[in-house]
Amino acid sequence: MSAVAVRETPVDDDDDAHQQQRQKRTPLPKFQLFVVFFAQFSEPITAIVIYPFINQFVQDTGITNGDPRKIGYYAGILESAFFLTETLTVFQWGYLSDRLGRRPILLLGPLGLTFAMLGFGLSKTFWPLVIYRCFQGVFNGNIGVAKTVIGEITDPTNIADAFSLFPLVWGTGTTLGSIIGGVFTSPSDTWPDTFGRIRLLREHPYLLPCMVAACIAFAAFLTTFIFLKETSPAAIQRQKIKKHQHHLSRQPSHTTTLLDHSDSRDYGTNGASVPGDLEPAHVAPPVKPPPLSALLVRPLLMTFSSYAFLCFVDMSYSVLLPLICFTPISLGGLGMSPYQIGTMMGGVGLVNAFVQVTMRGYWVRKFGARKTFITAFSLYLLSFSAYPIAIFLARRKVGMGTNVGLIVLSQLVSKLSTSTCYGSMHVLIVENCPSKASLGSTNGIGQTISSGMRCVAPTIASSLFSISLQQNIAGGNLVFIVFFGIILAGIWTSFLLPIKTI
């Protein structure tokens, strides 16, 4: 049959063949995915481990001069410092990974986090906390590189499954981080017969949770160092060229003596036995990433806009939760202890992890990343509406009653669906990337936007909460009214996402 006849194949037959091809998904490279995910596992842990105790820690530094209504301002500075430095470095990490390779960049993150967490736990005053929190943000800035690696080791048939697991890493990490931060805070008070005998832990009540997080980060570094393979096309080509040049240097020259030639047989090298992948004709030059201007296309810009709304709203939600729970009921909070906050967040996180691993990839494959994102993001309206209800019930009960506990739990459970946003958004970014060669830069820009939103969100959210309480604006509910408007704007923006199937 001629080539023309092939082109004249009916569209329906092409669609059927395409559907059959879509159903045959490539198996996931499970071990390499595990290594990449474990390399990033330290990020959510180090980011969230401080949340159960950070408000108490800020109060203990004396920076608020005993006024609990000011805690939100300073806690917001600490939480924003992390994402500010991440914002300033995340694109540079992605840019360097396009030129130096993914592996060295991913190794630096968990190693630096190890020392940053130890310094944070050993601090006693406020501004050293800010400095070490900034270092944590710097070394967490390589998360975009991890997403790039996932995009490079998958294909269109299994990319949704791979990225559906990425939020599971965050969910599991935030769960474990919340539990670590809540359970191991002030260990000398919780376990006076064991940890209470250690002077270092008595003097630094927040060191133990930071030490546990640092150990996990160091384990991630070791695992990455031993098992992670390079995935950057440019870096792989450079390795092939070096290997080929090394191979040529091993080949015998025309003036080689008979003894030298016999010795070279141990290497199995002669002109006729060069492996195909080392032949000069097969060693392509390294692929050069396109200029950044090539990324300024409408589909990618719309995707980044929705990503910005997602990160801002989700980070604000995460910041307000422990702040509202810690604030005394008389001042407009729920009056919970760090232990209660940590265990509550951790318990719901376990349920979240189960939902993510069983349902996420299915919804993205069935409905597409765009529809999944729009639906999941809309559920933030439900999540934020539970805040004023919980505070109202707490004031009516004059304590942390059963009704308030249930509504806080139901609010957290409702957020489980919104975590689907991240899995679908990662797929959308890869889908709308103009070129594979610019995948590192694309994810770097996306992560820069993410970090930028997460940088400003804690300060804005916590400051709005403090202002709402101090000025009693809208009965202390100004912060929630503002976020309802932001969520509605984000929903409108999500409808501008490009319509595309996986």
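Every residue, even glycine, has its Cβ placed from backbone N, Cα and C.
For reference, TrEMBL has these:
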type	residues	note
REGION	1-24	region 'Disordered'
TRANSMEM	31-51	transmembrane segment
DOMAIN	32-502	domain 'Major facilitator superfamily (MFS) profile'
TRANSMEM	71-93	transmembrane segment
TRANSMEM	105-123	transmembrane segment
TRANSMEM	162-186	transmembrane segment
TRANSMEM	206-228	transmembrane segment
REGION	243-264	region 'Disordered'
COMPBIAS	250-259	compositional bias 'Polar residues'
TRANSMEM	374-394	transmembrane segment
TRANSMEM	478-499	transmembrane segment
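Between the transmembrane segment (31-51) and the stretches 71-93, 105-123, 206-228, 374-394, it is 206-228 that has the most C-beta pairs under 8 angstroms. Highest Cβ contact count with the transmembrane segment (206-228) among the listed stretches 105-123, 162-186, 374-394, 478-499 falls to 105-123 (criterion: pairs under 8 Å).
Here the domain 'Major facilitator superfamily (MFS) profile' (32-502) returns a mean pLDDT of 79 for the predicted model. Beyond the transmembrane segment (71-93), the same-chain residues lying 6 or more positions past its ends with a Cβ under 8 Å from any Cβ of the stretch are 47, 50, 54-55, 58-59, 63-64, 105, 126, 129-130, 133-138, 140-145, 315, 319, 323, 326-327, 441, 444-445, 447-448, 450-463, 465-466.
Cβ atoms under 8 Å from those of the transmembrane segment (105-123) belong to residues 36, 39-40, 42-43, 46, 49-50, 93, 96-97, 129, 131-133, 135-136, 138-143, 145-146, 149, 204, 206-211, 213-215, 217-218, 220-221, 224-225, 228 of the same chain, restricted to positions at least 6 beyond its ends.
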